[in-house]
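Notes follow the structure.
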Amino acid sequence: MTRYARIIGTGSYLPPKRVTNHELAAQLAEQGIETSDEWIVTRSGIRARHYAEPDVTCSDLAAKAAERAIEAAGIDRAEIDLILVATSTPDFVFPSAACLVQQKLGLSNHCAAFDLQAVCSGFVYGLATADKFIRAGGYRNALVIGAEVFSRILDFNDRTTCVLFGDGAGAVVLQASDEPGILSTALHADGSHADILCVPGNVAGGAIKGSAFLYMDGQAVFKLAVNVLDKVAREALALAEVESSQIDWLIPHQANIRIMQGTAKKLGLPGERMVVTVDEHGNTSAASIPLALDAAVRDGRIQKGHHVLLEGVGGGFTWGAALLRF
């Protein structure tokens, strides 16, 4: 009998501190940097974002989202046999955020736990990885988390990037099933574009070598993102032999409303079939897709049997898509 993986529970967590464009603009004005709500909304669709407090870590956010996903799944947390955290902003160089989540969940079953880094494509990469683990037969209940504290790597002297990103976490529980849940996944990367979206620094000899802040060539990212997202979405659909007209919900990486609308248009999907949270969350990198997925599940938009297409693109350059039957 063929073994599949299905999402049986979703969860998410946003730090309580919500910062509107007006509040951020006022903060930047004190530094002599000019921006406005209109400027930010016009270019990105973002109206607010959430920031973690200084003593809150990536694994803290991840664990809270994980608890909610496990509760929604209706399983005992001791049944989790794989934890995978997609993040670019872990607590430490090591140990992994996944091991810290395991500790914070109180899991003593010695389940496998590791991090995966594909920036804003991270959750799709993580979902595809966990799907393969389950299909191979060695694992039954996988916890896949996207979690970020991007506010820690923003240069608040650069108005073109600091207004775009926020913090948060989203999680799903994948379970082995006889019924198809994840219908297809497609992953790609092109390292020749590594320099258009990056944090070009590292720790060497106890000091930071290079820059510890995010750098982005916005125009280059926009041009590449719209093109590769359309291609990888069609690839995932073709692998599952599903037409774009059969998609009930499109959940793209929540980076920029113009990129998202461009992708939906290329697939021939009306805007009302796209889940949008970028206005309230900003770009939360690997957390953006599971945050949006959880929102649409909990408010009842996503129903059992719906076809849901997830797609992400991020630094590396990486991109990927996953087609689900919920």
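The backbone N, Cα and C atoms fix where each Cβ goes, and this holds for glycine too.
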29-33, 209-213, 254-258 - the one Swiss-Prot records as region 'ACP-binding': 254-258
Pairwise Cα distance for Cys120 (active site)/His253 (active site) [Å, integer]: 7
Conformational class of Asn283 (active site) under the three-state DSSP mapping: strand
Whole-number Å value for how far Asn283 (active site) lies from His253 (active site) (Cα to Cα): 8
In three-state DSSP terms, the structure that Cys120 (active site) belongs to: helix
Proximal but sequence-remote residues of the same chain as Asn283 (active site) (Cβ under 8 Å, at least 6 apart): Ser44, Ile46, Cys120, Phe150, Leu164, Phe165, Gly166, His253, Gln254, Ala255, Asn256
Packing count at Cys120 (active site) (other Cβ atoms within 10 Å of its Cβ): 31
Number of other Cβ atoms within 10 Å of the Cβ of His253 (active site) across all protein chains: 32
